[in-house]
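A.B. asks: My questions will all concern the structure given below.
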Amino acid sequence: MASSSLSVLLLVLCLAASASGQRLSPTFYSRSCPRALATIKAAVTAAVAQEPRMGASLLRLHFHDCFVQGCDASVLLNDTATFTGEQTAAPNAGSIRGFAVVDNIKAQVEAICKQTVSCADILAVAARDSVVALGGPSWRVLLGRRDSTTASLSQANSDLPAPSLDLANLTAAFANKGLSRTDLVALSGAHTIGLSQCKNFRAHIYNDTNVNAALATLRKASCPAAAGSGDGNLAPLDTTTATAFDNAYYTNLLAQSGLLHSDQQLFNGGATDGLVRTYASAPTRFNRDFAAAMIRMGNISPLTGSQGQIRLACSRVN
């Protein structure tokens, strides 16, 4: 199994690097900044040890980055008087977090390798290291992305999948980024960690019929029915092991205990039911597919070569 999994990941690495002519490589910084990966890992491990939720936050940053303009660190750009970034988009406003950790990592990396390691690559590596810190699988992160000088508020609003989407629209949203239905189900497993706001799951627990009654009752206690009341109240996406990266997300779906409407859509009599059952019973398969899907997601439209820039600070263009 280990040999098979390695072969699959190596094949994905090759396909990801060649699919659009990119030259991303897991050894990109081996000469220009050999201590970069160890520096990022140490900072992420410390941040997650201090606050386990930060692992999910850093993983989400990478996802929200890649789905808007590609994996170019555009999500990290702050608004200014003359620049509008993505952080005030509906899927990000009041919920996206982890910027201080990324800034700390960037400062540490800049101290050892001036203007060498991109913020986009820091996000990709930090996502992997966050998963590992919470007990999940590891993978070789392709590197060599460069940072954007632009951001897209409109694309953040349109392209980031909403928690209200049904399976067809979720599948389409991922297909638009070159990701398969298997990628959709595997990457959704990231919801084995992290928290969600009441406003994102209110409609599911009050209006949907494919929700576990005990879960609905539990969550209603801190998520009032009235819109605007308790909108920011938090609940774990995984009801059983909220700070461990495992396959419990899928066993929850089998029991109709997905917190979001979009979660439970993956197991609701549709085309993804079989894969959910597989991941629920085979954690090794889930880990393998999740790692491969993260590599594919990390290769969405990267800037390379002379494109973009290497930012000195992740929150602003040079």
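Every residue gets a Cβ built from N, Cα and C, even glycine.
Annotated signal peptide per TrEMBL: 1-21, in sequence order. The domain 'Plant heme peroxidase family profile' annotation in TrEMBL covers 23-318. If you look up TrEMBL, you'll see Cys33-Cys113, Cys66-Cys71, Cys119-Cys314, Cys198-Cys223 marked as disulfide bond. What TrEMBL lists as site 'Transition state stabilizer' is Arg60. TrEMBL lists His64 with the feature active site, proton acceptor. Annotated Ca(2+) 1 binding site per TrEMBL: Asp65, Val68, Gly70, Asp72, Ser74, Glu86, in sequence order. Sequence annotations record features per position, and here TrEMBL assigns substrate binding site to Pro161.
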A.B. asks: For the C-alpha pair, I'd like the distance in angstrom between Cys198 (disulfide bond) and Asp72 (Ca(2+) 1 binding site), rounded off.
C.D. replies: 30
A.B. asks: Excluding near sequence neighbours, so keeping only residues 6 or more apart in the same chain, what lies with its CB under 8 A of Ser74 (Ca(2+) 1 binding site)?
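C.D. replies: Expected: Asp65, Val68, Gly85, Glu86, Ser148, Thr150, Ala151, Ser152.
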A.B. asks: Out of Cys33, Cys119, Cys223, Cys314, give me whichever of these disulfide-bonded residues has the highest number of other Cβ atoms within 10 Å.
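C.D. replies: It comes out as Cys119.
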A.B. asks: I'd like the number of other C-beta atoms within 10 A of the C-beta of Cys113 (disulfide bond), please.
C.D. replies: 16
A.B. asks: Are there any residues in the same chain, six or more apart in sequence, whose C-beta is under 8 angstroms from the C-beta of the residue listed as 'active site, proton acceptor', and if so which?
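C.D. replies: Looking at Cβ-Cβ distances below 8 Å from the residue listed as 'active site, proton acceptor', excluding near sequence neighbours, one finds Val75, Glu86, Pro91, Asn92, Ile96, Ala156, Leu160.
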A.B. asks: Tell me, what is the mean pLDDT of the domain 'Plant heme peroxidase family profile' (23-318)?
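C.D. replies: That stretch averages a pLDDT of 98.
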A.B. asks: I'd like to know which of the recorded positions Cys66, Cys71, Pro161 sit within 10 A of Cys314 (disulfide bond) at the Cα level.
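C.D. replies: Those near Cys314 (disulfide bond) - Cα within 10 Å - do not exist; the answer is none.
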